[in-house]
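Engineer: Just dropping this structure here.
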């Protein structure tokens, strides 16, 4: 039996007062510490803790019970839910599978808790950081007053930003210090998942009992439409273009007439002694003479020009060309061919514009008619072409 404890009276009398056994002030029983309200709130977040959420939910009226069909419809209406099953669901934000209630089909309680904590949905991520704190003890024994101050001393001539302590900060031999670890919990902005950058299909969810087609997708009105797929442009090719490809004068660029080549030569290199043209086409654009050439000469034949002159001339013709001829592959492509297209015929818009170009069709017809002539007539036409180009 624990003896009674004697404590002084409040009246100032020295007469001892006897407290009953088991009183909290006797120390026989440890009183339970009251829960502080400061621990219910975190300084790093505004979220309510579990205790407050349960208290708030208990004070409200209970919602009407939903059927399994209504619970499934609620999950299907959530855009972040995928692969919905009776006892599991997949989060489209983080891609994880959430297990639902094992006995209640399509229960949303576990999904609601995951939705509040998912970093890809809320945009916030909880991180825990650890900090090792080692308190510094002053040197043991008598120390000078100057040991509590620091002075600036230049370690290198001209450097005035170096701070050198007058006394060492580490404890001397025999001094002890106790280190402890501090953990901090805070919320930071979460990194977006790579799946969030992809465009998702818009429309109702497919029926699990039906197999969706690989080449069609459902539209918001319920109809099926073809999904546009980009393919490589097949460019312009075929038997009707082979004679043009083999007989083209430039063999590289199309849409450049011999008259325009002669016009470009005389505009770019006015210092060369070209002969005057018999007929000057006034519809040609004026071209600025070439400047800054490293090497030049007075030759009129293109094969005798310097490399700098040939480079400027080719760049000028490329700027005015509309199509180019690939002699090795027997194809014709637009100078600005898109490379890929969604057209069912696999021809991009730039190449299709060349196909309907009147000058291109006229050039193809002219080369096809020339191929039907006798060899002597073909040679005579070749000789009659303008020279000096």
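Quick reminder: no glycine exception, Cβ is built from N, Cα and C everywhere.
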Engineer: Using TrEMBL as the reference, determine which range in 126-150, 151-175, 176-200, 201-225 is annotated region 'Disordered'.
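Structural biologist: The listed stretch tagged region 'Disordered' in TrEMBL is 201-225.
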Engineer: For the compositional bias 'Basic and acidic residues' (369-379), how many residues does DSSP put in helix, in strand and in coil?
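Structural biologist: In the compositional bias 'Basic and acidic residues' (369-379), the DSSP-based counts are 8 helix, 0 strand, 3 coil.
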